[in-house]
Amino acid sequence: MRRNKKDQCCVISGESGAGKTESTKLMLQFLAAVSGQHSWIEQQILEANPILEAFGNAKTIRNDNSSRFGKYIDINFTKGGAIEGAKIEQYLLEKSRVCRQAPEERNYHIFYCMLMGMPAEQKKILSLGNASEYNYLTMGNCTSCDGRDDIKEYAHFRSAMKILMFSENDSWEINKLLAAILHLGNVHFEATILNNLESCDIMTSHNFNMAVKLLEVDPKALEKSLTQRSFMTSRESVTKPLTSAQAMDGKDAFVKAIYGRLFVWVVGKINKAVFKPPPEDTKYVRQSIGLLDIFGFENFNKNRSVPSQNNSFIPTGGIKGCKIPLTFPKKSPFFLKKLTQCILQ
């Protein structure tokens, strides 16, 4: 970069479990070391990893710390080669994992770390128990991971959040949303008949009441949104009751939307801490090195399917997960072409 005065990009390629995420972390550490300075911004960039891994990584059959999203890290350097900031872009988070996991796989690390590492008084306020008590954490019949210490990882996660300027209020609001997701996972619906139409009612429970409290919403409004569907015709708004199976699917979609927006907010919060806008001076020179770490190829027909509400089998990655095999053939020729050009030169 400094020799040719050109921005650079490193494409980390490989199938699932090949070590792409670990290679990305090592490259970040190397760039921080060779920049010649040990600044606060460098430490913040490195400490973004534990947070991103907590929210975006999970245990799969092939990998105890599998990235379930793609990320591009743009590292900015001064003319002298010192790191002055970075920006992270995230792609294709596997939101379906929040609701379903394949056999012997886990949900995202953050849920298990929170339940294992959170102080007892905070768990009591959020009315949280053990991982085995929540439907969203037991779909894969796997709540522990031999290769990870969830208590230790939670302590590292909390330390990283302080370095990345997350306030105590930010952390608590995150905990409330995560707890609300777990409680919603235990909410069930009872089939009923309304005006000769199949419908359902929420089976009132402590979990539903806690979800309402943590989300700070009106209980009747939440119940209506989960059990009915409203749509506009040419003249008026029409409300149609949902069956219990449709309500379960709608609830899962609601939970995935919450987690997806939370993940985007967390990445934005990290960027706010590590990104430094360039000065308005037109003579100022900023160069960058980009690191692309996107999930590797996976065989969804082999072991990545779980039963849906109607007992059919679907890939746990959903539509976005199916894009992985499509992305990989696009990326590989580009990677090989550039590699061949470098060898010939």
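Every residue, even glycine, has its Cβ placed from backbone N, Cα and C.
Where the annotation comes from TrEMBL, it is an automatic prediction and has not been curated.
If you check TrEMBL, you get these features:
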BINDING   Gly14, Glu15, Ser16, Gly17, Ala18, Gly19, Lys20, Thr21  ATP binding site
DOMAIN    1-345  domain 'Myosin motor'
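Features recorded in TrEMBL, as mapped to the structure shown.
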{"residue": "Gly14", "record": "ATP binding site", "Cβ neighbours (10 Å)": "14"}
{"residue": "Glu15", "record": "ATP binding site", "Cβ neighbours (10 Å)": "13"}
{"residue": "Ser16", "record": "ATP binding site", "Cβ neighbours (10 Å)": "18"}
{"residue": "Gly17", "record": "ATP binding site", "Cβ neighbours (10 Å)": "15"}
{"residue": "Ala18", "record": "ATP binding site", "Cβ neighbours (10 Å)": "15"}
{"residue": "Gly19", "record": "ATP binding site", "Cβ neighbours (10 Å)": "13"}
{"residue": "Lys20", "record": "ATP binding site", "Cβ neighbours (10 Å)": "23"}
{"residue": "Thr21", "record": "ATP binding site", "Cβ neighbours (10 Å)": "22"}
Limited to the domain 'Myosin motor' (1-345), I'd like the whole-number average of pLDDT.
86
Is Lys20 (ATP binding site) helix, strand or coil when read with DSSP?
helix
